[in-house]
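A.B. asks: Pasting the feature list from Swiss-Prot:
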DOMAIN    19-151  domain 'N-acetylmuramoyl-L-alanine amidase'
REPEAT    175-194  repeat 'Cell wall-binding 1'
REPEAT    196-215  repeat 'Cell wall-binding 2'
REPEAT    217-237  repeat 'Cell wall-binding 3'
REPEAT    238-257  repeat 'Cell wall-binding 4'
REPEAT    258-277  repeat 'Cell wall-binding 5'
REPEAT    280-301  repeat 'Cell wall-binding 6'
Amino acid sequence: MEINVSKLRTDLPQVGVQPYRQVHAHSTGNPHSTVQNEADYHWRKDPELGFFSHIVGNGCIMQVGPVDNGAWDVGGGWNAETYAAVELIESHSTKEEFMTDYRLYIELLRNLADEAGLPKTLDTGSLAGIKTHEYCTNNQPNNHSDHVDPYPYLAKWGISREQFKHDIENGLTIETGWQKNDTGYWYVHSDGSYPKDKFEKINGTWYYFDSSGYMLADRWRKHTDGNWYWFDNSGEMATGWKKIADKWYYFNEEGAMKTGWVKYKDTWYYLDAKEGAMVSNAFIQSADGTGWYYLKPDGTLADKPEFTVEPDGLITVK
């Protein structure tokens, strides 16, 4: 598990004394929060206003404070029990974005409990374990907090209290393989990650996934290599000949659309230099400008005369 420590503060006070018997689960309560702006704010703010150890968001984890040090994070007596305090951002715009961070959140909370030698239990009557801020608010001595996070935010994305407890105590069950919603398809790996803004070969077939992780289908894409690629309605990258919008195109083995002259099964074809569509029933001037080639109605190069020059200069083809 990769953790960014670029904003780790080393000047935070110790709260309480070891051993620390709890890992605290929070969410930021800020609908505009990002992992970076939360880390930046935590870096410069007065610790007496509160501090924590980790932030999860935007597909990454940032550690901003020490562990095994206590924290001012729950507003009461259990500040002195904080082995680690983890914040989840609240600015996700899609379920996929949320689930990416939720997986990291669950994994981090469980890993921190293991690291501290604590049971991976959630909000139980035992002092030791993983506790939500809500549970601390309702059960800690000398409470001065009214926070109930992270439950309301989790519920917004369909994670019930029961589901959260199950995931904390048993690990997150990841639905792998192809997934679908109203927007489209995406592909989930065994670690919960999914391809974004890249080609990926799945079961022998190449696909392309956009910046949000959705599979491209029935559309063109100009890649950073300067080549055009076509993905059919199943998402499969085109190779060889493909008929698209009543025009024929040719794609090489790497999926790149070809232009100009192409030799296929010992026969020459010409593909429009700009658009890539196969030229048929037309003349193409030679590169040196000294003559013309004729492409038959099926697009193949004529290797013998297939046209006639009439007395009035009109050229007719057979």
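Easy rule for this one: first residue shown is 1, then count along the chain.
Using the three backbone atoms N, Cα and C, a Cβ is placed for every residue, glycine included.
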A.B. asks: Of the residues in the repeat 'Cell wall-binding 2' (196-215), how many are helix, strand and coil by DSSP?
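C.D. replies: Helix (H, G, I), strand (E, B), coil: 0 helix, 11 strand, 9 coil.
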A.B. asks: The repeat 'Cell wall-binding 5' (258-277): which same-chain residues, six or more beyond its ends, come within Cβ distance under 8 Å?
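C.D. replies: Same-chain contacts beyond the ends: 228, 241, 247-252, 284, 293, 295, 299-301.
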A.B. asks: For the repeat 'Cell wall-binding 4' (238-257), give me same-chain residues lying six or more residues beyond its boundaries with a C-beta closer than 8 angstroms to one of its C-beta atoms, as numbers and ranges.
C.D. replies: 206, 225, 227-232, 264, 269, 271, 276-278, 299
A.B. asks: Count the residues of the repeat 'Cell wall-binding 6' (280-301) that DSSP assigns to helix (H, G, I), to strand (E, B) and to coil, and report the three numbers in that order.
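C.D. replies: Here the numbers are 0 helix, 10 strand, 12 coil.
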A.B. asks: DSSP on the repeat 'Cell wall-binding 4' (238-257): how many residues come out helix, how many strand, how many coil?
C.D. replies: 0 helix, 11 strand, 9 coil
A.B. asks: DSSP says what for the domain 'N-acetylmuramoyl-L-alanine amidase' (19-151): how many helix, strand, coil residues?
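C.D. replies: Counting residues per DSSP class in the domain 'N-acetylmuramoyl-L-alanine amidase' (19-151), I get 48 helix, 26 strand, 59 coil.
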